[in-house]
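Below: one structure, written as structure tokens.
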Amino acid sequence: MTDRDPIHDPAAMREHYRLEGLDETELAAHPMDQFTRWFAQAAQAAAQGVVYEPNAMVVSTADADGRPSSRTVLMKQYDEQGFVFYTNYDSRKARDLAANPYVSLLFPWHPMARQVVVTGLARRTGRDETAAYFRTRPHGSQLGAWASAQSSVIFSRAELDAAYEQLGVRYPEGEQVPVPPNWGGFRIAPQTVEFWQGRWNRLHDRLRYVAEPDGSWRVERLSP
């Protein structure tokens, strides 16, 4: 292609990243504590209109044959046990995780020149935990969980809207919506957590926590 507009040419796109670095001496002992620090800063940046949805993460899975797929979902909880998101258990990602529980998460905080990459194992949350979260969802989102047979082929948008409208009649605002039996959460127990900080001249800082058999974590610096 010789007529490519330079403005839209990915090879010509350049960004000079921030000067501040990330040093081993600044890290928390546990990766989830370090994540808490960075997530708080990302949330503050979101409040200032700099970052959009700091809890958005790219979830990458692979099926039993090793075929990968990725999608953006919203993290709804995190603690020392890992990261939690909710989905339809009939979706592609849930089917992948049933066959292959290894998963990767990516938090892309581009305006801050930061990203966090997590690898680990997924397991379903308990039904009590799922129900407790479902009750906090807006009424419309609760109906949406019933209306969408996620990842299935549908004839048209009108089909989806009609299903939603029927559910709205069945469960009007103010009436309790039951938790769909095929809907729930996954908790990702991290095995590695990498904190990436953009630096000048592409000499970025990459510090990765690696889980040890005794429950401790070691930190290693990766070449950019």
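Using N, Cα and C of the backbone, Cβ positions are placed for all residues, glycine too.
Copied from Swiss-Prot, the annotated features are:
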type	residues	note
BINDING	Arg14, Glu15, His16, Tyr17, Lys76, Tyr133, Arg137, Ser141, Arg202, Leu203, His204	substrate binding site
BINDING	71-76, 86-87, 92-93, Gln115, 150-151, Trp196, Arg206	FMN binding site
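Overlay of Swiss-Prot annotations on the structure.
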residue : record                 : CB count, 10 Å
Arg71   : FMN binding site       : 14
Met75   : FMN binding site       : 19
Lys76   : substrate binding site : 15
Tyr86   : FMN binding site       : 21
Arg92   : FMN binding site       : 16
Gln115  : FMN binding site       : 19
Ser151  : FMN binding site       : 15
Arg202  : substrate binding site : 9
His204  : substrate binding site : 18
Arg206  : FMN binding site       : 17
10 Å Cα neighbourhood of Tyr86 (FMN binding site): matching binding-site residues from Lys76, Arg137, Arg202, His204: Lys76
Pairwise CA distance, Arg137 (substrate binding site) versus Met75 (FMN binding site), rounded so that it is a whole Å: 14
Top Cα neighbour of Ser151 (FMN binding site) in the set of binding-site residues Lys76, Arg202, His204: Lys76
C-alpha spacing of His204 (substrate binding site) relative to Met75 (FMN binding site), in angstrom: 26
